[in-house]
Amino acid sequence: MDIFVFKGDVEPVDQKKYLEDSSKPKCVRPLIEYQACVKRIEGDETREKHCTGQYFDYWHCIDRAVAPKLFDKLK
């Protein structure tokens, strides 16, 4: 099953990227938490601290917002 429909010289548009960008305002809280974590660990010379959890929380929020819209576009 093809996701992209090619019509002449028109470049295909990745709907997922567009939907992710339009969903980012809905996920401001996890983004702020991630940015706060990054700022908090900036000076960690041991490199033991990380913000992986906050990073995944942010992208999970975006994925949750995008999924229903994306599958409608693919039908």
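Using the three backbone atoms N, Cα and C, a Cβ is placed for every residue, glycine included.
Please treat TrEMBL annotations as automatic predictions, because they have not gone through curation.
Residues annotated as domain 'Ubiquinol-cytochrome C reductase hinge' in TrEMBL: 14-75.
All protein chains shown were included, and the count of other CB atoms within 10 Å of the CB of Cys37 (disulfide bond) stands at 17. Secondary structure at Cys37 (disulfide bond), as computed by DSSP, is helix. Under the heading disulfide bond, TrEMBL lists Cys37-Cys51.
Other Cβ atoms within 10 Å of the Cβ of Cys51 (disulfide bond) number 18 in total over all chains.
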